[in-house]
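Novice: Pasting a structure here, questions to come.
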Amino acid sequence: MENNKINKDPMTVNEARFVSLAPHIRSNDTVRKIMLDVIIALAPAMIASVYFFGTRAIALLAVCIGACVFTELITQKCLKKTVQIADLSAVVTGILIALNMPQSFPLWMAAFGSVFAILVVKECFGGIGFNFMNPALAARLVLMTSWPKQITDYISPELLKQGLTTSSAAVDGLSYATPLQVIASGDLANLPSMGDMFIGNIGGVIGETSAIALLIGFVYLVARKVISWEIPVIYVASTAICLFVLGIPMELIPYELLAGGLLLGAIFMATDYTTNPINRKGRIIFALGCGILTAVIRVKASLPEGVSYAICLMNLATPLIDKLTISSAYGEAK
């Protein structure tokens with residue numbers, strides 16, 4: 001990538017790396033430019049969410065983005081810090097939170113999760129580069145703990161096409177079992193077709209259902225050199241291998257990989273610069289850990305999905321992984 005001689009953006013990525021534990025990005029690209037690429041990569045998933053889940057997806061995106069940007073603005077002003085909303089990192093966090101919500105999720109709860117992500121997980125720890133955990137996933141875990149029923153009220157796009165409203169009365173009793181829930185229940189006759197799973201015509205959170213939209217985003221990010229292929233590919237591959245070892249039949253492995261938040265998490269959240277290890281060896285260990293934990297939680301725990309827990313746990317392990325895998329520098333004794 002070309003280096004810019006003059007940079008007027010709020011913070012360069014080179015500057016951001018010095019305020020974090022590790023030099024997560026080694027280029028002169030700005031944070032804003034990186035985040036803009038991520039937003040572009042997320043555009044297919046956002047378009048798919050609106051196509052399959054209607055205007056409610058637009059409302060979730062608007063509320064989450066607005067709450068994240070507003071919270072960052074107010075927090076930074078109150079703390080007398082340089083306002084950095086122009087770097088678009090809060091916008092990316094808002095998009096990811098919205099894409100992790102089901103279509104029927106109450107907007108005020110989504111706003112609460114967005115405020116938590118920015119205020120507690122990001123700004124209370126120093127802002128961009130300092131957060132110890134992916135803010136969007138941390139928000140999802142808080143919302144799952146606080147309102148487990150509302151965050152698992154999934155609706156099939158087919159029901160929406162039949163005129164189902166988004167009111168709680170309409171949703172009650174009509175929740176749609178996701179493919180992972182179908183596999184966990186053993187009712188394999190009700191599994192959707194692979195075609196529907198690939199394009200996104202299934203129930204789930206609004207941003208995880210369309211595999212093709214997420215894969216387009218992955219190709220874009222790799223082509224733009226925003227992320228490496230290593231973490232997403234190793235994460236998904238290790239999940240598949242571990243699922244097979246744990247007894248999931250081979251014919252169900254493709255369903256496991258396309259269903260749930262695996263692709264969304266592996267491509268857009270496990271690759272977060274701040275919360276994954278510095279060097280290649282560390283990133284491989286991180287991705288393997290995410291894959292193993294995801295598979296174990298899906299098969300052995302009471303929840304059919306484990307992506308959020310897996311990535312957050314490995315985020316917490318990142319300082320230890322860095323400590324074990326980074327060679328001593330500048331002649332320092334090991």
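In case you wondered, yes, glycine gets a Cβ from its N, Cα and C as well.
Just so you know, TrEMBL annotations are computer predictions that nobody has curated.
The structure displayed is predicted, hence computed values, not measured ones.
Per TrEMBL, the feature FMN phosphoryl threonine maps to Thr178. Marked as transmembrane segment by TrEMBL: 34-52, 58-75, 82-99, 198-222, 229-246, 252-271, 283-301.
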Novice: Against which stretches of its own chain does the transmembrane segment (34-52) lie, if we need a Cβ under 8 Å and a gap of at least six residues from its ends?
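Specialist: Sequence-remote neighbours of the transmembrane segment (34-52) are 13, 25, 58, 61, 87-89, 91-92, 95-96, 99, 157, 160, 199-201, 206-207, 209-210, 212-214, 216-218, 220-221, 224, 226, 264, 268, 273.
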Novice: Considering only the recorded stretches 58-75, 82-99, 198-222, 229-246, 252-271, state which has the highest number of Cβ pairs under 8 Å to the transmembrane segment (283-301).
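Specialist: The listed stretch sharing the most Cβ pairs with the transmembrane segment (283-301) is 229-246.
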Novice: Counting only residues 6 or more past its boundaries, what in the same chain has a CB within less than 8 Å of a CB in the transmembrane segment (229-246)?
Specialist: 218, 222, 253, 256-257, 262-263, 265-267, 270-271, 276, 280, 283-284, 286-288, 290-292, 294-296, 298-300
Novice: Is the transmembrane segment (198-222) packed against any residues at least 6 beyond its ends, judged by a Cβ distance under 8 Å, and which are they?
Specialist: 37-38, 40-49, 51-53, 57, 60, 96, 98-103, 154-158, 176-179, 192, 228-229, 232, 258-261, 263-264, 267-268, 271
Novice: State the count of C-beta atoms found within 10 angstroms of the C-beta of the residue listed as 'FMN phosphoryl threonine', not counting that atom itself.
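Specialist: Neighbour count, Cβ to Cβ under the 10 Å cut-off: 24.
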Novice: Could you check what DSSP calls Thr178 (FMN phosphoryl threonine) once collapsed to helix, strand or coil?
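Specialist: It is coil.
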Novice: Should anything in the same chain at least six residues away from the transmembrane segment (58-75) have a Cβ under 8 Å from its Cβ atoms, list it; otherwise answer none.
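Specialist: For the transmembrane segment (58-75), the list is 46, 49-50, 83-85, 90-91, 93-95, 97-99, 101, 103, 105, 107, 110-111, 113-115, 117-119, 122-123, 206.
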